[in-house]
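Feature annotations, courtesy of TrEMBL:
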| type | residues | note |
| --- | --- | --- |
| DOMAIN | 126-554 | domain 'TRAP C4-dicarboxylate transport system permease DctM subunit' |
| TRANSMEM | 65-84 | transmembrane segment |
| TRANSMEM | 91-108 | transmembrane segment |
| TRANSMEM | 172-193 | transmembrane segment |
| TRANSMEM | 213-242 | transmembrane segment |
| TRANSMEM | 254-276 | transmembrane segment |
| TRANSMEM | 288-309 | transmembrane segment |
| TRANSMEM | 350-368 | transmembrane segment |
| TRANSMEM | 380-397 | transmembrane segment |
| TRANSMEM | 409-431 | transmembrane segment |
| TRANSMEM | 451-481 | transmembrane segment |
| TRANSMEM | 493-514 | transmembrane segment |
| TRANSMEM | 534-554 | transmembrane segment |
Amino acid sequence: MLYAGGDKTLRGVANFLSDPACPFELTLHRMMTALGNGDFFATSYFGQEAIDMMPALQIPRTVDLAGVIVGFLCIAMSAFMRLVASRRAHVCIALALLAALIGGGWLARDAMAILGNLNLVLDFVVLLGAAIAIGVPIAFAFGAATVGYLLVVTHVPLSIVIGQMTDGMTNLVLLAIPMFVLLGLLLEATGIARRLVELIAMFVGRTRGGLNVVLVAAMFLVSGISGSKLADMAAVTPVLFPEMERRGQQRAEMIALLATSAAMAELIPPSLVLIIVGTVCNLSIQSLFIGGLMPAVVASLGLIAVTLLRARRRSERADATTTSRAAAALPVHPATAVFERGHGARRWRVFFAALPGLVLPFMIRYFVVEGITTATEVSTVGIVYTLAVGILVHREFNWHKLYPMLRETAVLTGAIMLMIAMATAMSWALTQAGFASALARMLEHAPGGKVTFMALSIALFITLGALLEGIPAIVLFGPLLFPIALQLHIDGIHYAIVVVLSMSIGMFAPPIGVGYYGACAVGKCDPDRGATAMLPYLGALLAALVVIAAVPWLSTVAV
């Protein structure tokens, strides 16, 4: 969700490895990526589907599956090309370890079948955790755990994994993902996001703690247009951070507020996570878009309250004579002129410059809520509107940026879709293994009923958000837990909002939340410096989460 690259890898654990081990760890995870791609299974499934025809187009379904085979082949070629650059000794050792693991598992099939449900722990905890720890991309770690379980414990043909993957990727609603990613990139390229930030900063930027309020409000507003949190943070940071640092703000404090604001903004439509939750859990995306607004307001008010309380303990308006030499040497962003007090004419100029962009988030929400367009269609409307404003009104769009934006959109969309596909297959395997029914029975009979279930869900998704990133956690456990929530008479929309915010808190929480490292990369800050500053803001989000979980009305009042 945050990275522009397709290698969605959790490196929090791998970074603790010593330097001599890192090349070997890299070699091993590249080899697992190369060997773990699904070309063999896809080819087998390709043959099975050759006689099946698409009902509308009357063409073989193999045309659709050909893209999966080509994609896996490209991934395998890329991984093998990287292996060529690795040391031969590391490749040999990694190959021997993988051969021993695969061969040992195959030879011990009969013995492992006796272990019963303990195989779930071995494959989906031990094997999956080890793969993630050495840096294997999350999608391939899911695939390795799924194939390992099916191969050793069951007699299910492995080609069914490809069938489950294609089922996970073929929902029409997922077409909104590349559109909203591209829309987020266009907001920055056309200058719309910058002008929205300038408008907010002009009115409250000069008050004590005002720039912190501007940061939270800007993330709230910009996230109402874009579906990509990385694009949102990249649009807000260059406008606000230079001026905030000139006023004496610490970079770590700014990163902490940026990261927690991005976590809050996952509730704001058109959030990609809300779209994916609606898709995999059969919930109305329109209702999710409406239900996320009030909880987002509660969370943002909590962040604003904390930042205003902290502003009382320090003076943000540092005099020019007391400003540090390093801060004074910072480059001045053109937008910083709006932070100075000006006459009414300047305010009106800033307002009218931001007005076309100000219309966009309200237009997107109105079109979806009123049923004029679907979530997929409104993303296309937003792209056309943004291009028209950038070209005809602001005249700021550089056509040379279009190809890099399309490339970044394709790479990020491919990474997201691959994770959805692999997580769908793994979720199916867990369901077939009886894990879902066992989990349902355990939670149904847990003391405390729905209160205990909600508390366990919050703890689970905070942990999963930190370990697996957001989308895999939702796709993997959403179909398992949402039916249980409905059995306990918990509203589906309310539960979805609680789950998304819990996952977001985990994803943006140090020391291993990948969203936190994305915020540090955008804000150019050492991750070690910002971890302590995150604590009060994470506390505010957790308090808001408890309120939202305890008061279903906040999520369902407008639905």
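Each residue, glycine too, has its Cβ placed from N, Cα and C.
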Problem - Beyond the flanks of the transmembrane segment (380-397) by at least 6 residues, Cβ under 8 Å - result: 179-180, 182-183, 186-187, 189-192, 195, 225, 353, 356-357, 360, 363-364, 367, 373
Problem - the transmembrane segment (213-242) vs the transmembrane segment (288-309): 3 or more CB pairs under 8 Å - result: yes
Handout entry: Highest-contact recorded stretch vs the transmembrane segment (493-514), from 65-84, 288-309, 350-368, CB pairs under 8 Å
Key = 288-309
